[in-house]
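**Student:** In case it's useful when we look at the structure, here is the feature table from TrEMBL:
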ACT_SITE  HIS135  active site, pros-phosphohistidine intermediate
BINDING   LYS29, PHE77, ARG105, THR111, ARG122, ASN132  ATP binding site
DOMAIN    21-158  domain 'Nucleoside diphosphate kinase-like'
Amino acid sequence: MVATLLSVFSVFAKNMTDPKAERTFIAIKPDGVQRGLIGDIIKRFEQKGYKLVAGKLMWAPKELLMNHYKDLADKPFYNGLVAYMASGPVFAMVWEGKAVVATGRKILGATNPLDSAPGTIRGDYCIDVGRNICHGSDAVETAQREIALWFKDDELNDYEFADKKWIYE
Ligand code: ADP
């Protein structure tokens with residue numbers, strides 16, 4: 001009886017997550033993967049204190065990329081953007097933490113790398129807007145849509161972060 005209760009509780013505890021915790025979708029684009037930057041990009045989010053909830057290397061199907069960028073379908077660079085994103089594997093991730101959507105965008109830097117401050121990923125590693133290394137959701141609602149597009153529910157890991165009490169007051 002006690003064992004049953006404990007096992008029910010442990011399943012509950014495993015899935016327990018802060019309902020206010022914000023999540024964002026971050027992707028290392030094919031140029032970032034090819035240039036060996038996966039480790040550095042993960043390191044920047046880890047060092048900030050954010051929690052990795054999901055991550056996978058995947059060669060994204062064109063349909064997924066067209067859907068992901070559907071709001072840009074009328075832009076002249078849309079076809080080139082989809083081709084670039086389909087040109088090799090992407091490292092897709094979900095990160096969690098306070099204000100991670102907006103802060104994640106700051107960590108990435110401005111869309112055009114020439115406008116990105118040094119110290120940001122795009123400011124440090126790239127030059128052309130069409131080869132800007134990484135993607136980050138631009139709003140909480142966008143993040144929810146993008147996470148659902150790229151990940152199945154059972155790929156998202158709900159767990160307590162050991163460092164939590166040293167990161168949040
Ligand atoms: P962000 O990725 O910073 O959210 P956007 O949503 O405006 O920026 O654009 C999506 C992606 O489209 C950019 O990251 C970049 O790879 C590409 N892109 C944006 N503007 C241009 C452009 N003028 N020429 C080529 N590619 C572009």
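Backbone N, Cα and C define each Cβ position, glycine as well.
Caution: TrEMBL annotation is automatic and unverified by curators.
Can you walk me through where each of these features ends up in the structure?
**Tutor:** Taken residue by residue with DSSP, HIS135 (active site, pros-phosphohistidine intermediate) is part of a strand.
Counting every protein chain shown, the number of other Cβ atoms lying within 10 Å of the Cβ of ARG105 (ATP binding site) is 18.
The DSSP breakdown of the domain 'Nucleoside diphosphate kinase-like' (21-158) into helical (H, G, I), extended (E, B) and coil residues amounts to 68 helix, 26 strand, 44 coil.
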**Student:** Return the residues near LYS29 (ATP binding site), defined as same-chain residues 6+ apart in sequence whose C-beta is under 8 angstroms from its C-beta, sorted by sequence, else 'none'.
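**Tutor:** Listed in sequence order, they are TYR84, MET85, VAL90, ASN132, ILE133, CYS134, HIS135.
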**Student:** Mind running the binding-site residues LYS29, PHE77, ARG105, THR111, ARG122, ASN132 against ligand 1 and keeping the ones whose CB falls under 6 Å of it?
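**Tutor:** From LYS29, PHE77, ARG105, THR111, ARG122, ASN132, counting a Cβ under 6 Å from ligand 1 as near, the near ones are PHE77, THR111, ASN132.
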**Student:** What residue among the recorded positions ARG122, HIS135 has the most other CB atoms lying within 10 A of its CB?
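**Tutor:** Selected residue: ARG122.
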**Student:** Among LYS29, PHE77, ARG105, THR111, ARG122, ASN132, the annotated ATP contacts, find the widest CA pair distance and round it to a whole Å.
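**Tutor:** It comes out at 21 Å between the most distant Cα atoms.
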**Student:** What is the total of other Cβ atoms whose distance to the Cβ of THR111 (ATP binding site) is within 10 Å?
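**Tutor:** Neighbour count, Cβ to Cβ under the 10 Å cut-off: 13.
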**Student:** Compute the average pLDDT of the predicted model within the domain 'Nucleoside diphosphate kinase-like' (21-158).
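**Tutor:** Mean pLDDT for the domain 'Nucleoside diphosphate kinase-like' (21-158): 98.
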